[in-house]
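Some notes on the structure that comes next.
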Amino acid sequence: MVRGTGRRPAPAPARRARGPRVPAVLLVPAVLGLAFLVLPLAGLLLRAPWGSLPERLQGPQILEALRLSVLTATLATAVSLLLGVPLAWLLARVPFPGRRLVRALVTLPLVLPPVVGGVALLLVLGRRGLIGQWLYAAFGISLPFTTAGVVVAEAFVAMPFLVISVEGALRAADPRFEEAAATLGASRWTAFRRITLPLIAPGVAAGAVLCWARALGEFGATITFAGNFPGRTQTMPLAVYLALETDPDTATVLSLVLLAVSILILVSLRDRWVNST
Amino acid sequence: MRGSTGRGARRAIRAALLAVVGAVLATVAGCGGTQGSPGAGGASPSGGGATGTVTVFAAASLTESFQKIAQDFQAAHPGVQVKFNFGASSALAQQIVQGAPADVFAAASAATMKQVTDAQAAAGAPRVFARNTLQIAVPKGNPGKVASLADLAKPGLKVALCAPQVPCGAAAGKALEAAGVKVTPATLEQDVKATLTKVRLGEVDAALVYRTDVKAAGGAVEGIDFPEAAKAVNDYPIVVLAKAPNAPAAKAFVDYVLSDRARAVLAEAGFQTP
């Protein structure tokens, strides 16, 4: 048990958040926390085979995985935009029974282990899945082991990032502009297109970038649902995982590429959008 | 912030921070403890007096039989506890080379064991304790009507193989090459269990996996023998690791795996024993 014996409460001025003196009890764990988060990444940089980096980056498998990653993450973001923006609008603007539950369900993939998402997708959309068997019988479509399957897996995991971001922007935007447009004769769709979307554009953009970055890093759902085949379903994170089995140096290089892309995205995101929303 | 609630909150925060720092320190100390206590099992190298925990890194295909062997071993050596890390041998080999605190390594191929011995991470020479051959695994009822290795090349047939980086994938490649069959797999899975799962779920029509995995799946999948399997026999070597935190217990476990009783368990699982 921790008791406050012999310690007096800090004097009033120190209670201010921006006091000049940082108490050690906060500073020490803060620095530990920072080190914990940053050191592994620094280790990656230190251990990287910088000398052979250029030729390793040109390996056909790496370029293939990178191309596929960028393609699928972009498609997954497009899918998320098409479905996620209307969903966010529904959650933010339309009161309906069970809205809180729906909101919780939408954010579920954020906390769900991606592998679980992959298993769920497999059981529903797989060749013998609930919907998948029907798709397969009717159209001969089977999503596992296809690039489309990768997009589905990535969109499943990444779309909540977009929805949350857009919903937040919608809640911050003043609905009276839309109402004013409606009183002037605009249909709801016109009001959404001409008033709401421009208002929340920064939020949508921020959400799309986050969504893209998350899709790019997706591993668990992809390897579970879409499998792993070079050029078709093997994205960068899968390539990293398999490279680690035989060739750790290549795995390090691949990780560096993903790290660089992620940092680039987050830094640009912070400067452009996070502060302004 | 108001007076009393503010103080309460501050106290709660302080307590929470202390708890976090305490937990971090305990973890750090704990890690140091396991790595820095060689021979926790006492001085007796005979194995009879071994105690403590022995950590075994073993190929995924050994999951069922090693769990059974460990039960027998623990019954014969009270005071010793066996802990497993099952996975693709190649991944385990990398973890060991990177310094994972393991006592014993059992690999699914000589090639993955070589990664460990080359890195001077093994104490002594590995010994082969089992051999495994491949089978074609198909979902119940064999919907793809697979009868031979050559059938895997049929257009429209979905096939899962292990990735060439892992031993079952290397063996599959060898068998297919020996048969002169060119297969375009739908997926290259990261270990043999994942490959078999795709068959169990019916997502693929066939997969090349170890005979032992087909057997371990019970009636969930059907196994089909093929003659070319004889060209891709995988040896399973086992070794005590150089930096084993509990070398006496590790040695006892390896001796036990090479014993007749363990052989019987392995044979029952479908392994051949040398």
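Note: Cβ is positioned from N, Cα and C throughout, glycine not excepted.
Note: TrEMBL annotation is automatic and uncurated.
For the molybdate site, TrEMBL lists B:Ser61, B:Ser89, B:Tyr210; matching the candidates B:Val104, B:Val183, B:Val192, B:Val233 against that entry yields B:Val192. In sequence order, B:Ala108, B:Asn132, B:Cys168, B:Val192, B:Lys193, B:Tyr210, B:Thr212, B:Asp213 are the residues of the chain that are 6 or more apart from B:Ser61 (molybdate binding site) and have a CB within less than 8 Å of its CB. Residue environment of B:Ser89 (molybdate binding site) contains 33 other Cβ atoms, counted within 10 Å of its Cβ in all protein chains. Its Cβ placed at the centre, B:Tyr210 (molybdate binding site) has 32 other Cβ atoms within 10 Å.
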